[in-house]
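Data first, discussion second: the structure below is written as structure tokens.
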Amino acid sequence: MAAKIIDGKTIAQQVRSEVAQKVQARIAAGLRAPGLAVVLVGSNPASQIYVASKRKACEEVGFVSRSYDLPETTSEAELLELIDALNADNTIDGILVQLPLPAGIDNVKVLERIHPDKDVDGFHPYNVGRLCQRAPRLRPCTPRGIVTLLERYNIDTFGLNAVVIGASNIVGRPMSMELLLAGCTTTVTHRFTKNLRHHVENADLLIVAVGKPGFIPGDWIKEGAIVIDVGINRLENGKVVGDVVFEDAAKHASYITPVPGGVGPMTVATLIENTLQACVEYHDPQDE
């Protein structure tokens, strides 16, 4: 079996085009463009690349993008003060604080300071709790982007045995909630899981997010499985690869995401969707 490639780059561009059309319609109707504030503390090179891609995407769809590049020496109190000001700014619909933050700043305290209606990353405990209770509002971007990919490829997830490898707050845990909503029987594996191979071999839908190149051998993949590889790993030779051995896995899977060009573009596209949602549902003047 040769797997069909799930083209995240193309789907992400479709999503961004749809958002851009809605923004144009808003402006034509006399409404303001959505606003996203992107906050970067320090000069982590990887973070700078991610932030640049998010700002570029904002501008492409017609959002108002506000950048806050703060020095490494910024204190937690100064960062919280900025978030308070952005929470109170009626022209800002989304606040994104790029992680990781420098030592000495409490990630949890910072993320919880963002108002849930402006939490376009979907990391605030309120938004995660809404997802757990089957009443989602703003959803974590990577898991939601994966669901969008499955939907756009008309993949029926109801009744599938889904296995998530990795239990991070950003991907694994919220992904398990999205899969339950999508009708899957869901297993989450992690560093303490025994006999990982057994779980992988029984997965109809496999989502891998551990950040280790080639962590899952291709011959573990069940025939006809759907494989979603969230890993983005740069090797010493400069090549970017996922957590799954792609060439071998593609011989067994029915669908598979490539790295790069699979899940990655969907994370930014979903951030853009979330910002529009925050603007329309929570910040537009509501009809009485």
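Sequential numbering from 1, following the chain as shown.
Note that Cβ sites are derived from N, Cα and C of the backbone, with glycine treated the same way.
Note that the coordinates shown come from a computational prediction; the quantities given were computed from them, not determined experimentally.
According to Swiss-Prot, the features are:
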BINDING   Gly166, Ala167, Ser168, Ile232  NADP(+) binding site
Compute all pairwise C-alpha distances among Gly166, Ala167, Ser168, Ile232, the residues listed as binding NADP(+), and give the largest one in whole angstrom.
-> 16
Under 8 Å Cβ-Cβ from Gly166 (NADP(+) binding site), six or more apart in the same chain: what's there?
-> Gly172, Thr189, His190, Val208, Ala209, Val210, Gly211, Val230
Taking the Cβ of Ala167 (NADP(+) binding site) as centre, how many other Cβ atoms lie within 10 Å?
-> 18
For Ile232 (NADP(+) binding site), which residues of its chain lie six or more apart in sequence with Cβ-Cβ distance below 8 Å?
-> Gly211, Val240, Gly242, Val259, Pro260, Gly264
What is the Cβ neighbour count of Ser168 (NADP(+) binding site) at a 10 Å cut-off, with all protein chains included?
-> 16
